[in-house]
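Colleague: Heads up, here are the entries from TrEMBL:
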BINDING   196, 197, 198, 199, 314, 526  CoA binding site
BINDING   390, 391, 392, 414, 415, 416, 417, 418, 419, 503, 518  ATP binding site
BINDING   540, 542, 545  Mg(2+) binding site
DOMAIN    34-86  domain 'Acetyl-coenzyme A synthetase N-terminal'
DOMAIN    90-473  domain 'AMP-dependent synthetase/ligase'
MOD_RES   612  N6-acetyllysine
Ligand code: ATP
Ligand code: MG
């Protein structure tokens, strides 16, 4: 593949800006540099100490059972109830009046739900599920908008030991039914609909359509959110009747640490989604610890907001299980960032005094495109930690985030992890790390991540390769639901004894980690493996560019040629000179080898429902092929719009 072994993946971009935390931040930080030493001295003892953050009904016998790798068991013999750890113990500790959720509906309706109220509702829902015949081990599919009942449904399932599988509320009937079938779900919990972009959308008809081919489902529990007309079948039960009428007395039973907590299907950026299985004790330990450490949450004073949807793993670990196990007060927002105006997020930050914000690079780049003047109209001075997740964050987007949202002073934590890892794996610690724009930097204490070459040898600082995880971690996936073989083949067959995540990465000269995109997307240009991320970041560092997606298209001369799809910032116009300037800018930033063969200006990019760029579809365009599977696209008409918009945009 590469010219030299060191160049498994070329390291082209260099970054020398760094931002150490302020002395005040460091002094008050939840986690200090000592955590790295403690974990290095005894990794299992470190995780054992973190597991003490939770209440266990029965102690474990062994921290880790790795006798049959890669099938891990953590805290074996231990018993706990996940829901009780997120709710009952806070109320028992006198925190019942603390707001758990500040709900902001898209139309502007609001609700503040305290921990006592949330517990009450979860107890009722747990009783209602039991009355409907749901038992421990039965799977429940949740298909809901971003409303408090979605969290209630998850916590009620956890409470009775029924693994949930949340399916994002924007998915089609086909996507929903294939996930229901794969999980063999007995019950579906949905809403009539939700509010998005100023309108009520429907969910219930999609469930009805999906269930035409799902024999395992016995009943459907329907929350009323919009009040729209819905068809009613014999199997349908109103949430308001079943949950509203149920008793609020419910004693949570403990479950084994390895009891399944949820199945979640991956975003489907690279193809057929995988049903990732997570269990209870290890998962909650790492979700809770990382939320405490990476966001520096002070539950008494912070107002935390994660903008992810509950349908993604980020919504599971950093809206429900991490924050609630830590007793956080958080904002939950139903809608889109531009309804009714492009300042909606900043209005919400100002209104609730949000102190910690966790969002995605796709959102940050959109805000950059909308212009600096939008956030400038709001008071964002309450913010003290900013987080990013989902894709590599381009250094310019990182700097923009810190400057325009963080007032030039808040730490920005770029957190790398996956549905499969369950919780954050690589991230700065805001009170410890001098952050570097675009780098996820270091594995968290207790986590063993490395970058290796094709032979599985660690690359030296300055080298690029494949991101691997060397040691089991508490919140790791236990398998792919119903398909152990796919679990082995997908993650454990590439490198002996190591988990391979599918992502390329490099170590810079300081040993800091940089994510370079998926290895399937890496481009081979004249014998050099070039990462899509580096070329995209070089383009985004040009003042006229808001967002870029880069692919390798087959080229008779160079093997692959680099084709860049670019969205411009604000209203800027393009011209042949401008396109040439963008190509030259990349060559100047990264070297001539990375100069795009072609730059194409587009108005939008194909993205998954979770906002990730789907490069394989752009590759189809760049190579003039029939466009591949678009079922996980957020908007499956975008590809034809991009194709028709291409004329005149080409330059070569
Ligand atoms: P599928 O596996 O079905 O293709 P997916 O990988 O998009 O879907 P997720 O588990 O939601 O599904 O996303 C995890 C991936 O997102 C990571 O493997 C990585 O490619 C990317 N990612 C997440 N956070 C970061 C980050 N901070 N920096 C770089 N990449 C990130
Ligand atoms: Mg993946």
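Note that Cβ sites are derived from N, Cα and C of the backbone, with glycine treated the same way.
Quick caveat, the model's predicted, so the values are computed rather than measured.
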Colleague: Is any of 199, 390, 526, 540 (binding-site residues) within Cβ reach of ligand 1, i.e. under 6 A, and which?
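Modeller: Correct list: 390.
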Colleague: DSSP says what for the domain 'Acetyl-coenzyme A synthetase N-terminal' (34-86): how many helix, strand, coil residues?
Modeller: 22 helix, 16 strand, 15 coil
Colleague: Counting other Cβ atoms within 10 Å, pick out the least crowded of the binding-site residues 198, 390, 392.
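Modeller: Output over binding-site residues 198, 390, 392: least Cβ neighbours within 10 Å is 198.
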Colleague: What Cα-Cα separation, expressed in whole Å, is found between residue 417 (ATP binding site) and residue 542 (Mg(2+) binding site)?
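Modeller: Counting only the Cα atoms, the answer is 28 Å.
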Colleague: Just give me the nearest neighbour of residue 314 (CoA binding site) among the binding-site residues 390, 392, 415, 518, 542, Cα to Cα.
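Modeller: So, spelling it out, the nearest of the binding-site residues is 390.
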Colleague: Counting across all protein chains shown, how many other Cβ atoms sit within 10 Å of the Cβ of residue 415 (ATP binding site)?
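Modeller: Taking every protein chain into account, the count is 23.
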Colleague: Looking at the recorded positions 540, 545, 612, which has the shortest Cα distance to residue 415 (ATP binding site)?
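Modeller: That would be 612, the closest of 540, 545, 612 to residue 415 (ATP binding site).
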Colleague: Of these recorded positions, 196, 197, 612, which scores lowest on Cβ atoms within 10 Å?
Modeller: 197
Colleague: Name, in the order they occur in the sequence, the residues of the same chain whose CB lies under 8 A from the CB of residue 419 (ATP binding site) and which sit 6 or more residues away.
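Modeller: Residues satisfying the criterion: 264, 265, 266, 267, 274, 276, 312, 313, 477.
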Colleague: Would you list, in sequence order, the residues of this chain other than 540, 542, 545 that have their CB within 8 A of the centroid of the site's CB atoms, where the site is the one recorded for Mg(2+)?
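Modeller: Output for this site, in sequence order: 396, 538, 539, 541, 543, 544, 546, 548, 566, 569, 582, 585.
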Colleague: For residue 314 (CoA binding site), just give me the three-state DSSP call.
Modeller: helix
Colleague: Could you measure between residue 542 (Mg(2+) binding site) and residue 518 (ATP binding site) for me? Cα positions, answer in whole angstrom.
Modeller: 23
Colleague: So how far apart do the ATP binders 390, 391, 392, 414, 415, 416, 417, 418, 419, 503, 518 get, largest Cα to Cα in Å?
Modeller: 17
Colleague: By CA-CA distance, flag whichever of 196, 198, 526, 545, 612 among the recorded positions is nearest to residue 518 (ATP binding site).
Modeller: 612
Colleague: For the domain 'AMP-dependent synthetase/ligase' (90-473), would you mind checking the mean pLDDT of the predicted model?
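Modeller: Overall, the domain 'AMP-dependent synthetase/ligase' (90-473) comes to a mean pLDDT of 97.
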